[in-house]
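**Q** After the structure tokens below, expect a handful of questions from me.
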Amino acid sequence: MRRLVRKTVSLPPSGAPLVEVADLNYSVSGRELLRNITFRLTDGELLAVLGRNGAGKSTLLRHLTGELGKEGVRMFGQPLREYAAADLARRRAALPQQTPLTFAYEVLDVVLLGRIPHGRRETPEDREIARAALARVGLAGFEHRNILTLSGGEQQRVHLARVLAQLWADPAAPEQPARVLLLDEPTSSLDLAHQHATLRLARELCTQGVGVIAVLHDLNLAAQYADRVLIVAGGRVTALGTPEAVLTPAIIEEAFGHRVAVTPHPCLNCPLIVSAQ
């Protein structure tokens, strides 16, 4: 079986940070949801965010989008609050946990929503990019399907194509701008093959200079695909480092309240986590 080639670094790569979070705090009605969150993401890095349900993972991502506030977050070297929404949307895209649609849009029209930040009017190039994005997620030929007739997993892949179209690199540009992709549980509705296809695609984007932050629940997917793992517990960062450094029995049991065994994967260069109870 083919071995996965993955960077193994204990610290972030040395390039300029795409995302910097410093002492981020967030409370609602006196309840502390995030406390002193600090980390950074650099170009070409895939950072997996792990934690129990309610640990603060999605709240953290909603801060990175600016939905819950813009303090404590810098992107591309500037405070988040200094960006116009349209300017930021051309360089940072987010795929939330759920994107419910109640209207019978054609699939291609949904993907074309990702091109809105790039111009007021739809162009033939936009449609070409949208079709290419659908092909990247395995949905070529779905362009004129009613999205409400698709399975949950297929709909999730349509929205993944939408954010791909949003960040699509211009092949004519002499230099590609730095970009960030935020994924909140991107594999939650997917079968095994498409879970791996989605994260392989994320890794491919990393080779193109995109920084990816992905909230995941599957520890083994994080072990296989992430450069670094950030564990959130009770709204705090309790561990941050390579999968080998972070995904240990002691750290996992403390974060998730479940005993595990960790062994070298028999086929891949990464840890393998199995339940021990």
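Cβ coordinates are placed from backbone N, Cα and C, and glycine is handled just like the others.
Per Swiss-Prot, the features are:
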DOMAIN    19-259  domain 'ABC transporter'
BINDING   G51, R52, N53, G54, A55, G56, K57, S58  ATP binding site
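What's the neighbourhood like for these features in this structure?
**A** For the domain 'ABC transporter' (19-259), the predicted model reports an average pLDDT of 94.
Summarising the environment of R52 (ATP binding site), the number of other Cβ atoms within 10 Å of its Cβ, over all protein chains shown, is 16. Under the DSSP three-state reduction, R52 (ATP binding site) is assigned to coil, being neither helix nor strand.
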**Q** For ATP, what surrounds G51, R52, N53, G54, A55, G56, K57, S58 with a Cβ no more than 8 Å from their Cβ centroid?
**A** T59, V232
**Q** Which entry in the list of binding-site residues, G51, G54, G56, has its Cβ near the fewest other Cβ atoms, using 10 Å as the limit?
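**A** Selected from the binding-site residues G51, G54, G56 on minimum Cβ neighbours within 10 Å: G54.
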**Q** What is the Cβ neighbour count of S58 (ATP binding site) at a 10 Å cut-off, with all protein chains included?
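**A** Its Cβ has 18 other Cβ atoms within 10 Å.
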**Q** So of N53, A55, K57, which of the binding-site residues has the fewest other Cβ atoms within 10 Å around its own Cβ?
**A** N53
